[in-house]
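Annotated in TrEMBL:
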type   : residues : note
DOMAIN : 4-84     : domain 'Gelsolin-like'
DOMAIN : 125-197  : domain 'Gelsolin-like'
DOMAIN : 247-319  : domain 'Gelsolin-like'
DOMAIN : 386-465  : domain 'Gelsolin-like'
DOMAIN : 504-571  : domain 'Gelsolin-like'
DOMAIN : 607-683  : domain 'Gelsolin-like'
Amino acid sequence: LQNMKMVPVPEKSYGTFFEGDCYIILHTKRTSRGSAIDLHYWIGKDSSQDEQGAAAMYVTQLDNALRGNPVQHREVQGHESETFQSYFRNGIIFKKGGVASGFKHVETNMYNIKRLLHVKGKKHVSATEVALSWDSFNKGDVFLLDLGKVLIQWNGPSCSIAEKTRGLALARSIRDSERGGRAQIGIIDNEKDSPDLMQIMKMVLGERRGELRDAIPDTKADELQKANVRLYHVYEKENDLVVQEIATRPLTQDLLQHEDCYILDQGGFKIYVWRGKSSSLEEKKAAFTRAVGFIQAKGYPSSTNIEVINDGAESAMFKQLFQKWTEKDETQGLGKVYTTGKIAKVEQVKFDTTQLHARPELAAEQRMVDDASGEIEVWRIEDLQMQPVNPKTYGQFYGGDCYLVLYTYLRSGRPHYVLYMWQGRHASVDEITACALNAIELDKKYGDEAVQVRVTMGKEPAHFLAIFKGKLIIYEGGTSRAQKSIPEAGIRLFQVKGTDEMNTKATEVPVRASSLNSNDVFLLATSQVCYLWCGKGCSGDEREMAKVVADIISKRDKHTILEGQEPAEFWEALGGKAPYASEKRFQEQSAHYQPRLFECSNQTGRFIMTEVVGFCQEDLDEDDVMLLDTWEEIFLWIGKASNTYERNEAIASAKEYLKTHPAGRDLATPIILVKQGYEPLNFTGWFNAWDPYKW
């Protein structure tokens, strides 16, 4: 903003901000549902109140001009949102001064530039101009001494590889965009090894007296704080603003009434204002003012991030704070309306596994590593040791046991491994622990290359079903050990789901009529006979798969019966008739869920996650532990150089993430451990243009 007017910034200066100014950023991204628009106004730390007010006003006007589709953000220097930072991949530079103080965005003469930039951050880089003095330095960050024709990058002794790499990317981008490529970059990684560059630094900064300051730890909101979501109703009563708390987590979508405006406070880390479709124009206009008032009333720092959201155009970040979110009348393409919502009848779609390699995004969506034609080995945990399971019984899992399943498949000529840890619902704590420890040992035997998948009984992932070729049977209790600890139940009932050998599993359910469901086939095995009960909603394919399972479960005669034509003996075996589920099955789908990538850090004993918006493979650094959340599963990516503490804490971090997730997530969601360089297709498929040779 210049003299209270909006003036376009030349493209080559994108990412450079004067601390004395305010800026407006409009970001548009094509999506499958049209386009997503974000509007940000950015406040420099030395900008005037008038300019800040004008910026907010312009954003409101732009929002009106764009028919209330944009998500609006208020950004304060040094506290920018993850979305804002994702636009400037090489980093953001804060310059002293502003348009008012006579610094124009003009080509500065290369010979009289002299500034020191303090570079911070690993995933999101920002560089702030600081005083030209050794006092500005510390041991933990990167500093750039910019002398126009020469840029010297000084790396603090306790910098990580990623911070040094990001610092260099920023130096190169200054050289290329501001100096037209005509500047030299020198790097000081260890002062003793660079006497010539140190000489130049001393000429500019003088001799250094005393010790350098220690690294400054980043203050960031931890996950526990972010999980504390509260919803407030905001309205005016006799000229006073009334803020009334209505709910805490888990929040549901029906709390938002179209006539009103609400403030959602995410643990003071971020404030959202939701504006109902039918709320008054006055209310809509006052959104930012109210949010700022709310921040003051709560005693939060004035730099707190604010996002203003319109009814019907909510951001992904906002939606995932709710337990479930249903879209109304989604328009696609040329205005055809699809009322999909989050609920849809699940048609089992046959997909062609031969396409997986050509289209890794398919592997990700179908959650398949390969076509399941590899080799399987299964062990049971017995007396805390691994006991091989008889291959004849592969696919049969008992709820009193824990199992390790090693799956080996070839990809471009060399073996890859997936190690499943299946935990029975009734297994002892010791066995579950032993299962995890044995998995680590087994993984070591295969050169630490295995992808480890923690499977909770009843939550088996798609690929796990596929490798057992339609013969996966899950017994509620008991054990498959030689000495039977309990006699076999006389009557057992199994629910069979699946249409082919890639997606079928049979699960034991309580022997009573209320367990039945019209959508599926059930097997009722008694000592005399085995009934195949076919619900009205099941298909011919499902019946065929049930026959395969029936032959494994029971050696008795098979009787097929259709729903509604049951003989009296059938109900007797179930202990009498009772109501059961008979409406068409609906399933929550994760189709609306945008996958999200986070950097996990656990060093300080506080669990902190930094989200990388619009992520790509470049965001995986070797010293990281990263978490990729695709809703149906959680991947942990372990970098080669990540520290042991974070690596050992990774699974605990993932559980903590599910526990503190505002949407109230299922704690049995599969957690998949992936090592750098051995990423399976169902992981790489979530990344655009994955390069398998990058490392």
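Glycine is treated like the rest: Cβ placed from N, Cα and C.
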Segment-segment contact (the domain 'Gelsolin-like' (386-465); the domain 'Gelsolin-like' (125-197)) at 3 or more Cβ pairs under 8 Å: no
Top Cβ-contact partner of the domain 'Gelsolin-like' (607-683) among 4-84, 125-197, 504-571 (pairs under 8 Å): 125-197
Residues of the domain 'Gelsolin-like' (607-683) by DSSP state, where helix covers H, G and I: 23 helix, 20 strand, 34 coil
Helix, strand and coil residues within the domain 'Gelsolin-like' (247-319) as assigned by DSSP: 24 helix, 21 strand, 28 coil
For the domain 'Gelsolin-like' (504-571), the mean pLDDT of the predicted model: 90
Secondary structure composition of the domain 'Gelsolin-like' (125-197) [DSSP: H/G/I, E/B, coil]: 27 helix, 22 strand, 24 coil
